[in-house]
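Structure first, commentary second.
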């Protein structure tokens, strides 16, 4: 068997990321399977696709912040007590989401948000509110699954997480096929994708839940020891989580905002419904070649030397920051190549839309230009994911909050300005999303530079203090550990670069 010594340090990264990348792609395939379940209903298929797309994108706004609790499990959960606190936070948040879904479905608030703001007709609005009610419990189920997935990732069980997500998609596809042959197609076709979505999430939650109890629960202590800073408090978890939640909320609310402006730009006409349907169909297809890059966020925390579950150092295989940077660049190059192969080569994207989602050729033609714009998304997504992972390791996520604000500002500005330049429909929506991504990644880069310079200043000042008092043993050694860790991080990074040169 051939061995490649130069790749030795990259195999752990590949083994960790590949299941997560497959997970991300599998989620997109699941969305396409759900869209096919709607498209297979020949009567009012476009209207149904638009209604489900509006409801699903609004629901994702609530699911997004809670699913990002995966990163809390990845960084903070070191004991059973930590896990209990994380689950409690998710139960409370899920209950709030259920209440809000119910209010949207049954009160004038829902009529204003869906019918009035989106300028959709009464039929589409009614179907959207009904779908939103059916999706009320999904955010809680999804968040519970992702919380346990984060704990599994902390212990390098990314393969188990990947298997759970693939099983989720398989369950969705199977149930779409089963329900299409049931009486639901005639009675309530909207339930076909929604019930399939629930069954897939239930399968995923069952697998990660059983996996947690099988491989982790008995191997972690009741409470965290002082070597990891003691038990994480709910306040610390929420302080770490809220900037990530805000970012993901703005990412998820971007789709409803795009749907809103695109629909209003076309005055709620038949063309508006068609444009929203095109966006619903192109989101999962366009996201598939680059969406997995988001999982690069988990690489830094998982391979952090301070992670108590990290056994790579003991096994002799050390993954340094330089290895992670090179691996990230390779992933970016691979994603860009995939995007241009799929979206710019003749007939490939149309075949995906026709054969997998089940739309007709005329509808697929409308999706070509929006899909080609997706080819440029990998660059800002990679920059954002790589730097966010580094900041998560330092537990300095608070500096990321402004990036979400800038993303929304750039997104809305583009949605307002581009129509005056002759850009309309789904092309307007995807082009504005790209502008928002670029604005967000720029702000994340600025935040990372700010933190890095601050760390450098700390390193320089503490080196001076160490020289002055190197013969003394400070009484507050434990208390100053967090600060010294940051300095060691920077010092080791410099040493790694010198060693490899």
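Any Cβ shown, glycine's included, is placed from N, Cα and C.
If you look up Swiss-Prot, you'll see 1-85 (among others) marked as topological domain 'Cytoplasmic'.
If you look up Swiss-Prot, you'll see 86-106 (among others) marked as transmembrane segment.
The feature topological domain 'Extracellular' is assigned by Swiss-Prot to 107-131 (among others).
Here Swiss-Prot flags 132-152 (among others) as transmembrane segment, drawing on sequence analysis.
Beyond its flanks by at least six residues, the topological domain 'Cytoplasmic' (153-158) meets 15-20, 70, 73-75, 77, 211, 215-216, 298, 301-302, 307, 309 of its own chain at Cβ-Cβ distances under 8 Å. What Swiss-Prot records for 153-158 (among others) is topological domain 'Cytoplasmic'.
Residues annotated as transmembrane segment in Swiss-Prot: 159-179 (among others).
Taken together, the residues of the topological domain 'Extracellular' (180-189) have an average pLDDT of 71. Taken from Swiss-Prot, the feature topological domain 'Extracellular' applies to 180-189 (among others).
Marked as transmembrane segment by Swiss-Prot: 190-210 (among others).
Annotation source Swiss-Prot lists topological domain 'Cytoplasmic' at 211-327 (among others), citing sequence analysis.
Here Swiss-Prot flags 328-348 (among others) as transmembrane segment. Same-chain neighbours of the transmembrane segment (328-348): 17, 286, 288-290, 292-293, 296, 299, 371-372, 374-379, 382, 385-386, counting only residues six or more beyond its ends whose CB sits under 8 Å from a CB of the stretch.
Sequence annotations record features per position, and here Swiss-Prot assigns topological domain 'Extracellular' to 349-362 (among others).
Residues or ranges marked as transmembrane segment in Swiss-Prot (evidence: sequence analysis): 363-383 (among others).
If you look up Swiss-Prot, you'll see 384-403 (among others) marked as topological domain 'Cytoplasmic'. Taking Cβ pairs closer than 8 Å, the topological domain 'Cytoplasmic' (384-403) reaches residues 71, 74-75, 239-244, 246-247, 293-301, 304, 324-325, 328, 437, 440-441, 443-445, 447-448, 450-451, 455, 486, 489 in its own chain, all 6 or more past its ends.
Look at Swiss-Prot and you will find 404-426 (among others) tagged as transmembrane segment, backed by sequence analysis.
Taken from Swiss-Prot, the feature transmembrane segment covers 430-452 (among others), and the record attributes it to sequence analysis.
Among the features that Swiss-Prot reports, topological domain 'Cytoplasmic' is placed at 453-501 (among others).
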Name the range, of those listed as 132-152, 363-383, 430-452, that has the largest tally of Cβ pairs under 8 Å with the transmembrane segment (86-106). 132-152
Can you name the far-off residues of the same chain, 6+ from the ends of the transmembrane segment (363-383), with a Cβ under 8 Å from a Cβ of it? 46, 274, 277-279, 281-282, 285-287, 289-291, 293-294, 296, 328, 331-332, 335-336, 339-340, 343-344, 349-350, 353-354, 425-427, 429-431, 434, 437-438, 440-441, 444-445
Composition by DSSP (helix, strand, coil) of residues within the topological domain 'Cytoplasmic' (384-403): 17 helix, 0 strand, 3 coil
